[in-house]
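Presented below is the structure to which this report refers.
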Amino acid sequence: MAPFEPLASGILLLLWLIAPSRACTCVPPHPQTAFCNSDLVIRAKFVGTPEVNQTTLYQRYEIKMTKMYKGFQALGDAADIRFVYTPAMESVCGYFHRSHNRSEEFLIAGKLQDGLLHITTCSFVAPWNSLSLAQRRGFTKTYTVGCEECTVFPCLSIPCKLQSGTHCLWTDQLLQGSEKGFQSRHLACLPREPGLCTWQSLRTRIA
């Protein structure tokens, strides 16, 4: 593998020239879905400038992990994550970190590939301070309770109906025009009884 090098303006121009015209699009997930579908969920600071591998056209960001919420077994003996990897082009869902505040903490939910943390534009990456207190509680404690049995089911157009008793209908985008509505910021889809999951309130108190 070719070494990673600082992302220079010439490389940016090359990537722009060879990138397909169609941009990456995806539907942002409910935070619980992001947690359950990710291999690794951490809190970290972006502390370095992006570096690009000119052979694979992947870039990496240096991070400083401050907390891990999911992935202890998947990570194995590795005690720390120092880099996060993403495609170097936005057209293929590459994530571009736009904050220059190196002391700001971010919630990062991603996939592990060969022991390396990978994210895309479609991954859940958000400033920790932008999360509601309920969402913080979900990531630190509660979302995991619903991962095995429950599914957040997006409702994007009418009519939509539940396909299973273990599904919770997510209507934020339909009713409020945003994935950051009430259900996203304050609720989790959790087991009520065997074979049944319902939206349940997340207390604002952090455990």
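Placed from the backbone N, Cα and C atoms, the Cβ positions cover glycine too.
Check Swiss-Prot against the ranges 24-27, 40-43, 124-127, 196-199 and you find region 'Involved in metalloproteinase-binding' recorded for 24-27. For Cys168, the partner cysteine in a disulfide bond according to Swiss-Prot, taken from Cys147, Cys150, Cys189, is Cys189. The record in Swiss-Prot pairs Cys155 in a disulfide bond with Cys160, which is drawn from Cys150, Cys160. Here the candidates are Cys36, Cys93, and Swiss-Prot names Cys36 as the disulfide partner of Cys147. Here the candidates are the recorded positions Asn53, Cys160, Ser178, Cys189, and by Cα distance the one nearest Asn37 (site 'Involved in metalloproteinase-binding') turns out to be Cys189. Cys150 (disulfide bond) sits 22 Å from Ser178 (phosphoserine), taking the C-alpha atoms as the reference points. Put simply, Cys24 is the one of the recorded positions Cys24, Cys147, Cys168, Ser178, Cys197 whose Cα lies nearest to the Cα of Asn53 (N-linked glycosylation site).
For Cys122 (disulfide bond), the spatially nearest entry among the disulfide-bonded residues Cys93, Cys147, Cys155, Cys160 is Cys93, judged by CA separation. Mapped onto three states, the DSSP output places Cys150 (disulfide bond) in coil.
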